[in-house]
Each structure stands twice: as C-alpha cells, then as structure tokens.
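Engineer: Below is one structure. I have some questions about it.
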Amino acid sequence: MLPVSQKKNRSNYGTLDRNRNLTIPPPAKKKMKEERQPLLVEGGGEISESAPPAAAQLDANSGSNVAIAISASDADPTPPVGGKANKAVGTPGSDYNPLLNRDLEHPTSNLDTMIHLLKGNIGTGILAMPDAFRNAGLVVGTVGTLLMGIICTHCMHMLVSCSHELCIRHQIPALGFADVADHAFRSGPNRLRNLASYARKIVNTFLVITQLGFCCVYFVFVAANLHEVIKHYYMNISVPWLLFILLVPMVLLNWVKNLKYLTPVSLVAALLTGTGIVISFMYMLQGLPRTSSVNAFASWHQLPLYFGTAIYAFEGIGVVLPLENNMKTPQDFGGLAGVLNTTMVIVACLYTAVGFFGYLKYGDRAVLGSITLYLPQRDLLAQLVRLMMALAIFLSYCLQFYVPMSIIWPPIKRRINDESYQKVAELSLRTFLVCLTFLLAVAVPNLSAVISLVGAVSSSMLALIFPPIIEMVTFWDKGLSPALIAKDCFILIFGICGFIFGTYVSMYNIGTK
C-alpha cells in the first residue's frame, strides 16, 4: 500500500517501478541509475562504485555460518536526517519507507533468501550436536535446543525491527549489524550517544573474533577427518602435521580477493555438505538402541559446554540483515509464516534431530565434535563422507575468512597511498590471519573444545547479548513496556551467564586436556 502522499501525486509522474510499486519521474529515475550505490559494502570500507554487487556478495557468502560484516553507511556513520546522504533513493518526510527505497540490481526471491539463510545456519555446528546432547542429556538437550532456536530467532526479529526503525529515522534504505548498533546509540539516551562509535567497534570486533574462531574450527575439522581416512588406509599422521600440510594450500586459496570467483566454490561446498549430512543420517538411524541407554539429564557442570556448542550451531544472526536488505519482497521476511520463521523452524528441527539420534546412537562416545568421526572405519562410504565433508569445509574457509578481511583491511588500506604497496600489504595481512588461525588450531586441536569456546565467547555476544541491548536503546523514547524490559533482560542475563560460565568451563577443559 502506497502512502497517501504518493497516491495523490501519482498522476504527475512518468513511470512505475514494478519491483517496488514506487512511482518515479523519468529524470529522477535516470539520476538514480547514475548515482546508485551498493547497499551492501565491505564493513569499514568506503562506498565505491567498484564494490561487488550485493547479490554477488550474498551468493559467494552462502557458506555455512557466514556472518557478513556489511555496512551501508560506514563512510558516513551519521548521515543527516532528511536523507541528504541518500538523496538518490531517499524520500524526505515522515512517511519514508526503507523497504520501498532500496534500489537493488539483483534482488533475491523468497526462496533464494531461504536457501541462503539455511546455508548461513547449517555448517560444522550441526555435526557437533551429538556432543552437545551428551553434555545436556537427551531430555534437556531436546527441550534446550528447541528453546535456544526460539530465542535466537526472536533476537533475529529484534535486530530486523531495530534496523527498520533506524532506517526510517535517518532516511536510509538499509543498515548492517554494526550500523544498527551505531545508529541505535547515536539516537538513544543522551548519556549513551558518546558510546555510538564504541558500539560499532565492539560489534565489528566480535564479528572478527567469531569468524576467525570459525576458521580455527574449520582447520581442526578438516585435519581431524583427513587423519581418520589416512590412518585407516596409509599411515598414522598426527593432526598437527596435517594442519601444517594444509597451511600452504589454505593460504593460496585465501589470496583470492574477488567474491565472484568464490561462488562456484560455495556451490560445490554446499552440495558436498548436504550429501555428507544425508549419508551421516543414514548411518545414525541404523540400529538405534533404546532411549534408556543414554542419560536423560546430564550433570550441572556440563551444561555450559552444551550452551557453547548449541549457540555456536545457531549462529546465523550475522547474515540476517544482509539477506533481508537484498530481498525483492522484504515484507515477506518477517511475520508468523515469513521466510525467517520458516527457515529457523527447519534449522531447529534439523539440529534437534541430529543431536537426538546422534547421542542415542553413539552415547558417551560422542566426544569428538563431529558425527563424521564416529562412522565405521571399514566402510568405504563412511570414508567418502569424511573426505566430502573435509573438502566442503576446506572450501568454505575462504568464505568465512572474507568477513574479518572486510573489516580489518579497509582502515589499513586508507593509510597506504601507493597501490603496489597496497597489494603487498593485503596479501601479507591475508597470510598473517590464516597463519594465526593455523597456530590457534595447533594449540587447541580438540574440535569439541574449540567449538564450545567459540560459541560461548563470541556467538553468545552476537546472538543473545547485543540484540536486546540494541532494542532497548532503539525504542527508549517510545516508552518501553514492563513486559518488553523483562523479556530483554531475561535474554540478556541468559546470554551473559552462558558467556561467563561457557567460557570458563571451555577454557578449563582445554587447560586440563
């Protein structure tokens, strides 16, 4: 439905934009085409016409657990109210609707968005769910995973709602995660406005920590699965040596800077991951014992490890805003039967099923952090699954790696004037970050412990702690109801407790092993 002001003036305009139902005069439309800037640009970088198109970024970043550091306004974090910074797409006035002012060259359909969201939530975390259930028990794991899915989905809705509100206030068509935090504090209570830049930096910092943590998990996952295959057929090469062998090809793969070239890599990785999970399910469902053979409730001191692994698996909040920003019909993203809820119901059911049947099948043996490591050694199909998953995760590393590079590199690039030095510096930074994840993986080769630690430290901050804070700061001037404050405080306390206890127990386990 168009605003009344737009309906009244419809006859004075020349053409109707079919994608947005927004009437635009021919001269303005031409100007919009010339001045158009990509909505989704690299975090921390300046907006430029040479930036990769939004759709290309989403296609290339469709690997598992990709939290894309997108900023729509990093070049100017405080655009003036009235839309001057976005006059090509903005519509001054109180009836400004950001959903009608997104000029996308390649918008995604509802199905495309659902597929990307599935890929963004399903990765190595789902393979670790049997270990999570071992630390919680069959009953607590089942109820807890579903409850975790509900809370994480609600936090995603909160983030989208805050983004829409802030877009309307500042006449901006779209915002990224760090932008939402920045604008929320900048327009929040007076005593918090000076913290806006810190909020942006903290969100970006945890995005970097999260993604580099995923890269560490990927390193260990690939080495652990290759170790099982090589040990059975050839010789027993230790995991640290395999990590060292993987280092050089991993560095070379991550020298690829253009996301367009990574799209085929993402497609191959998605196909291999899907095939591997299906075959793993086939093995899990064979010869299941009685439910009485496993614990219904685990001890209290194991619950923080369950929390870390479960929240790691549910970490898809980083892709929510980029996907919603790039939709052809963003109004279909929310709602009871919208794209987000439909996708997250599928994700929660998959996680619960893998955790339930994996723990029921393997019991207390489920301590290795991936169901692929429990498959029978002598079965050729099982060995092929390990190889497929190892290759899929190896190829997905570069997609995870894109996020920290897109945040860290732009500020460094601005300090280097010589273009030839820029190329050397960028390759050096890429090599350094890959080597950093390699060293961390060598230091902690325990896959289960790394997953739990990454989930507790960084995933809980992004998925559970930041969203309720941003919501309360965003809507403080509209009167926060006691129910909303109680709900946000509950989620915030839940996230902080999981962060503290999960980090402590994970670090303790790493130190004692």
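Glycine too: its Cβ is placed from the backbone N, Cα and C atoms.
TrEMBL feature annotations, pasted as is:
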- 106-507: domain 'Amino acid transporter transmembrane' (DOMAIN)
- 1-58: region 'Disordered' (REGION)
- 72-93: region 'Disordered' (REGION)
- 202-221: transmembrane segment (TRANSMEM)
- 233-253: transmembrane segment (TRANSMEM)
- 265-285: transmembrane segment (TRANSMEM)
- 305-323: transmembrane segment (TRANSMEM)
- 335-360: transmembrane segment (TRANSMEM)
- 380-403: transmembrane segment (TRANSMEM)
- 424-444: transmembrane segment (TRANSMEM)
- 490-510: transmembrane segment (TRANSMEM)
Engineer: Using a Cβ cut-off of under 8 Å, list the residues of the same chain at least 6 residues beyond the transmembrane segment (202-221) that approach it.
Structural biologist: 43-44, 65, 67, 69, 123-124, 177-178, 181, 239, 243, 246, 250, 315, 318, 369-370, 389-390, 393-394, 396-397, 400-401, 403-404, 407-408, 433-434, 436-438, 440-441, 444-447, 450-451, 453-454, 457-459, 461-462, 466
Engineer: Per the 3+ Cβ pairs under 8 Å rule, pairs at least 6 apart in sequence, do the transmembrane segment (424-444) and the transmembrane segment (335-360) touch?
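Structural biologist: No, these stretches are not in contact.
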Engineer: Look over the recorded stretches 305-323, 335-360, 380-403, 490-510 and say which has the most C-beta pairs under 8 A to the transmembrane segment (265-285).
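Structural biologist: It is 380-403 that shares the most Cβ pairs under 8 Å with the transmembrane segment (265-285).
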Engineer: Among 233-253, 305-323, 380-403, which stretch has the highest count of C-beta pairs below 8 Å with the transmembrane segment (335-360)?
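Structural biologist: Answer is 305-323, with the largest number of Cβ pairs below 8 Å.
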